[in-house]
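*Asks:* Let me begin by handing over the structure; questions about it come next.
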Amino acid sequence: MHTKEKPHVCEICNKAFSQQGTLKTHLLTHTKEKPYACNMCYKAFSQQGTLKKHILTHTKEKPYACDMCYKAFSLQLTLKRHLLTHTKEKPYACEMCSKAFSQQGHFKRHLLTHTKEKPYGCEMCYKAFSLQETLKKHILTHTKEKPYVCEMCYKAFSLQENLKRHLLTHTKEKPYACEICSKAFSQQGNLKKHLLTHTKEKKYACEMCYKAFSLQLTLKRHLLTHTKEKPYACEMCSKAFSQQGHFKRHLLTHTKEKPYVCEICNKAFSLQGNLKKHLLTHTKEKPYSCDICNKAFSQKGSLKGHLLTHTKEKPYACEICNNVFSLQGNLKRHLLMHTK
């Protein structure tokens, strides 16, 4: 071991090991044999050590605590990885693009983005993935299995990470803060999306109208405006929507549910976004300012509508008389004239 001698060689991939026992353990990665099964959830592993680590996820035992923030972990290796978030050390650097990572696992995953290699294929739809764990997550979309249940509201999820994100909606914890404007988020992904609003980077462009977006998801939603596809249909009134979010909001018009209440005047709203907009009427805050005439608005939508008065753009057309309007609200008011 100290002489770096590795006499035990794997005949399949030529990887060498100093101990025969380690070679035997390694061979299980080729045979896919998993002889060590968990008695609690029946998940199986090729190595006994991996099973022992897995069992800690059931016992909730976390003996390894961070001295800086007192966050605790079930595995010593996880603690070591966590400590790098404090030191900001990133020892794993990519030679192709110079991007650096604090964890070797993240570095290896990143390398696959350069090779474009996708060795893990789904046997149901033949979709391929670069990571085995991504394939496992994808398979759940076929089985519809949701083994992770929230103990507070009993909502079920197919992925454990989705359950963890959901739990933050109950605790209201927002650990991810923007260093530019101090806005906080419950999910790291939402913080990353928010940061793009500061950089103004819009790398996802529509090939039909060349409008650009900072998020790929926003581009996908935008494309539906060109195809006119509306896959989300309401079973109560048959109204259809291009976006799932709009569909969910519409359903509240049937239930009349208004769970978001203003603490100042007790006015209730069906959507959290509407409550936030309403609160600005109390604070008189107008954070959205026009760069052309410096006029300020309390709502982003009002600013967008105002900007059209400068550009003279009128994107909303009446299908009955072809009259055009700069604001969607003006078009809706105009349509009432035809219904009279």
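Every residue, even glycine, has its Cβ placed from backbone N, Cα and C.
Annotations in TrEMBL come from automatic prediction, not curation.
Sharing the features that TrEMBL gives for it:
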type	residues	note
DOMAIN	8-35	domain 'C2H2-type'
DOMAIN	36-63	domain 'C2H2-type'
DOMAIN	64-91	domain 'C2H2-type'
DOMAIN	92-119	domain 'C2H2-type'
DOMAIN	120-147	domain 'C2H2-type'
DOMAIN	148-175	domain 'C2H2-type'
DOMAIN	176-203	domain 'C2H2-type'
DOMAIN	204-231	domain 'C2H2-type'
DOMAIN	232-259	domain 'C2H2-type'
DOMAIN	260-287	domain 'C2H2-type'
DOMAIN	288-315	domain 'C2H2-type'
DOMAIN	316-340	domain 'C2H2-type'
*Asks:* In the domain 'C2H2-type' (148-175), how many residues does DSSP call helix, how many strand, and how many coil?
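*Replies:* Reading the DSSP string over the domain 'C2H2-type' (148-175) gives 12 helix, 4 strand, 12 coil.
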*Asks:* Using a Cβ-Cβ cut-off of under 8 Å, list the residues of the same chain that are 6+ residues beyond the ends of the domain 'C2H2-type' (176-203) and lie near it.
*Replies:* 165, 168-169, 212-215
*Asks:* Return the average pLDDT for the domain 'C2H2-type' (260-287) as a whole number.
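*Replies:* Residues in the domain 'C2H2-type' (260-287) carry a mean pLDDT of 82 in this prediction.
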*Asks:* With DSSP helix as H/G/I and strand as E/B, how many residues of the domain 'C2H2-type' (64-91) fall in helix, strand and coil?
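*Replies:* Split into helix, strand and coil, the domain 'C2H2-type' (64-91) gives 12 helix, 4 strand, 12 coil.
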*Asks:* Per DSSP, how many helix, strand and coil residues does the domain 'C2H2-type' (120-147) have?
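*Replies:* So the counts come to 12 helix, 4 strand, 12 coil.
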